[in-house]
Structures are given as structure tokens and as C-alpha cells.
Amino acid sequence: MSSTPPLSKATGYGVVVGLGFLFAFGMMLTTFVLRRYNNELQTSEAFSTAGRTVKSGLVSSAVVSSWTWAATLLQSSSVAYNYGVSGPFWYASGATVQVILFATLAIELKRKAPNAHTFLEAIRARYGPATHGVYIVFGLMTNILVTAMLLTGGSAVVTSLTGVPTAAACFLLPIGVVLYTIFGGIKATFLTDYVHTVMILIIIFLFAFTAYATSSVLGSPGVVYDKLVAAAERHPVVGNAQGSYLTMRSQEGVVFFVINLVGNFGTVFCDNGY
């Protein structure tokens, strides 16, 4: 198998740097327009809370964008390859419970501490400095690990597609994010999250229609089903009922679900972004 990337390094640098600066320019322009024509002042409070006026639509898109990270695209594909249809189902199931529970907690937190900026402020007020310090460490370590995973996962994809060195991609990817956040604050992140969510949905529809409607290799749900049945006969999945890729009775899939469920509680409840 050839290890030559399908795209050139120039394309990789152009996408990484170009898209980053495009988003940064768009958010800087939006901030300027809001300041000029809507008389919005970028105070420290507005920078960190967006004036507490963000509606449910932007919040929902921000949650989708924030929860769609490198593992969402890479690990879900991996477990689908290893465990069949149960893999992505258990992946998604193990990543939604925490958001539902945290949304309930966030509503109650909003009622009791409407002026809080972070969940750590509420913890300090309720449990004192010692517990506050412990959760600072938890939150800091969570964000370090998540940031490292996002950068390495994203750079690995860029490296595989274009041959851009992983280290270079790790340093270049955050530049655009830092720029538009500096100029627009948290409102800029909400707006870019909305754009990201739209792009994610477009890509999902493109992949779905290509696989199930227009592809010359697949092209219909029936062909996909037949090929998965044939694949199970050639390479049965260990731990799946009858070795099938189409069953939910997967021992390894359930084990992965438990690990995914427990691990994701930390990434949601200890990340102030949610």
C-alpha cells in the first residue's frame, strides 16, 4: 500500500493556516460590525459571558461543535470497524448521557448562581477553598488532556492527508482560534461553533448520500447490507453473535460502552466549556 499522502503539503498548510485566518477575520469583522452599528462594548464581562444573552440555538450548536472532536470522527470509525454497528451506537450512547445530566445541573446552577462565570466559583462558595483547589486541579488536567487530544488528533489527520509534519500542524492549528477569541471573546466561539456545526451536518449528509445513493462501489442500503454480511462470513467478529457486523449483541461493544460512559463524565463535568 502506498504511503504517499493524497494531497500536497502546500494544500495542508493552506487549509490549516488559511481556514484559521478566515475564521479569525470573519469574527474580527463581526465584532467590528457589532461594535459600530449595534453599540456593543467589549467589556471583560461581555468577553467572558457574551453579556449572558446567548440563546438556546447558539448554545445547542456550541455543545454539538464542542462534543464533535477528534475521537468523535476517528474513534467512532474505529469501533465501527472492530465491532460493527454496535460500536458507533455505544459510542454515541456513552457520550450523550453526560450532556443530558449536565444540562439539568446547569439549569439549577443558573438559578442559584446566576452571576457565576465558572462552575468552580459555585464550588468555592458551596464547599470552601479546599474543595475548590481540588476541582481546579481536576479541571486543569481535564483541559490539558482534551487540548492535547484535539491537537494531536487533528494534526494526525492533516499529516495523513497532506504530509504536513505533525509538530507543525499542532502549532499552526490553534493560531486562528486564539486570534478570533482574542478579538471576539466567548461570543466569537459561539458563532464559529455554529458555523462548525453547519459544516459537520453538510459533511455527514455528503458521506451518507455518497455511501447509500451515488457511490459506484456501494450506492444503496441493500448493497451495504450484503457486503457486511459477506464480510462477517470471511472475517467474523470475535464476541459478536454469529460473528455478525449487524448485531447489537457484542461483548466488546458493551465493554467499550461502559468505559466510554465513565470516562466521558470527567470530560463534561470538569470542562468549564460546557
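Cβ coordinates come from backbone N, Cα and C, glycine included.
Just so you know, TrEMBL annotations never went through curation; they're auto-generated.
These numbers come from a predicted model, not from an experiment.
According to TrEMBL, the transmembrane segment annotation covers 12-34, 89-109, 130-151, 163-182, 194-213, 253-270.
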Among the ranges 12-34, 89-109, 130-151, 163-182, 194-213, the one whose Cβ pairs under 8 Å to the transmembrane segment (253-270) are most numerous: 89-109
When counting Cβ pairs under 8 Å to the transmembrane segment (163-182), the leader among 12-34, 89-109, 130-151: 12-34
Same-chain residues at least 6 beyond the ends of the transmembrane segment (130-151) whose Cβ lies under 8 Å from its Cβ atoms: 69-71, 119-120, 123-124, 170, 173-174, 266-267, 270-272
Contacting positions for the transmembrane segment (89-109) when only residues 6+ beyond its ends and CB under 8 Å are counted: 63, 67, 72, 75-76, 79, 83, 116, 119, 122, 248, 253-254, 256-261, 264-265, 267-269, 274
Positions whose Cβ lies under 8 angstroms from the transmembrane segment (194-213), at least six residues beyond its ends: 23, 57-58, 61-62, 64-65, 68, 219-221, 224
